[in-house]
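These come from TrEMBL:
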DOMAIN    34-319  domain 'Deacetylase sirtuin-type'
BINDING   59-79, 140-143, 257-259, 283-285, Cys301  NAD(+) binding site
ACT_SITE  His158  active site, proton acceptor
BINDING   Cys166, Cys169, Cys217, Cys220  Zn(2+) binding site
Amino acid sequence: MSGLTFRSTKAHWTANLSRQCSHGPTGLFVPPSPPLDPEKIKELQRFITLSKKLLVMTGAGISTESGIPDYRSEKVGLYARTDRRPIQHIDFIRSAPVRQRYWARNFVGWPQFSSHQPNPAHWALSNWEKLGKLHWLVTQNVDALHSKAGNQRLTELHGCMHRVLCLNCGEQTPRRVLQERFQVLNPSWSAEAQGVAPDGDVFLTEEQVRSFQVPSCDRCGGPLKPDVVFFGDTVNPDKVDFVHRRVKEADSLLVVGSSLQVYSGYRFILTAREKKLPIAILNIGPTRSDDLACLKLDSRCGELLPLIDPQSLKFLPLPSN
């Protein structure tokens, strides 16, 4: 396991990250995959070329190559490596001690989590948008890597860890600002943690958490929560309706790095099927919608997507006389 250490003296903060913690650009969190198949590359190129209003949905599998683990990948996902499970929405809302534990752990994990950068798959999708190929991008991730890559035609389905909301008044605060407030409130607090989760969470003991001070909303004094959908919560209905409209406008759908096990994303595949849209899936391992896809590819997102030319005319059908 990789370790993180935080210590503070008079608000001077340092973080010690073990060598294993960064995992490099390709990451130890990417499950094994077969070599790239030239024929499959051609099939995906044809799929993208024929698409005029392409909707792309991404999941945690696109970010593993940036060093962020996912939950479900065989042998390398968080569920496979540990018995830890993500926080439940109802527990966070109801319990101040649960919120204290969450924020202490998130505070320790934040410097590493927020430092992750887009990988070639993110940059490829950003380029597709710039070239007019991408109609809309829907991500289930909360890591802000698509925003860092420059995507603007983007819906963050489950929110973003880089924003914090007050549960009482709805005031929004950048997460980096909250980190500074944590440091002021906890000038001598120290903790050591093991491992970082897909949402920036780390693992601390109850003893470490007990003395951690959590700030309240600057405006009303209410409790603060990351602007993300925790497990057991539901996506805002207006956001769901918005994405449904984008799917109905599209002429094809590409899934990138998602097993589609969570219904909040899977429902849009069902909408695409109802519209009889062609569906392609790029994901290492099986997904919930393999039987609905006309094309399934088991490859690293960052290896395959940069090979696709969004402006290629090679596979366009010849005009009829």
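The backbone N, Cα and C atoms fix where each Cβ goes, and this holds for glycine too.
Separation of the C-alpha atoms of Ser63 (NAD(+) binding site) and Cys166 (Zn(2+) binding site): 28 Å, rounded to the nearest whole number.
For the domain 'Deacetylase sirtuin-type' (34-319), the model's average pLDDT works out to 90. With all protein chains in the displayed structure included, the most crowded Cβ environment within 10 Å among the binding-site residues Ser63, Asn283 is that of Ser63. Listed in chain order, the extra residues whose Cβ falls within 8 Å of the Cβ center of the Zn(2+) site residues Cys166, Cys169, Cys217, Cys220 are Leu167, Asn168, Gly170, Glu171, Ser216, Asp218, Arg219, Gly221, Gly222. For His158 (active site, proton acceptor), the Cβ neighbour count at a 10 Å cut-off comes to 22, with all displayed protein chains included. Look at the Cβ of each of the binding-site residues Gly59, Gly67 and count the other Cβ atoms within 10 Å; the largest number goes with Gly59. Between the alpha carbons (Cα) of Cys166 (Zn(2+) binding site) and His158 (active site, proton acceptor) lies a span of roughly 17 Å. With respect to their backbone Cα atoms, His158 (active site, proton acceptor) and Asp143 (NAD(+) binding site) stand 10 Å from each other. Cα of Cys217 (Zn(2+) binding site) to Cα of Gly59 (NAD(+) binding site): a distance of 31 Å. Between the CA atoms of Cys220 (Zn(2+) binding site) and Gly67 (NAD(+) binding site) there is a gap of 37 Å, rounded to the nearest whole number.
Taking a C-beta cut-off of under 8 Å and a sequence gap of six or more, Cys169 (Zn(2+) binding site) has these contacts in its own chain: Cys217, Arg219, Cys220, Gly222.
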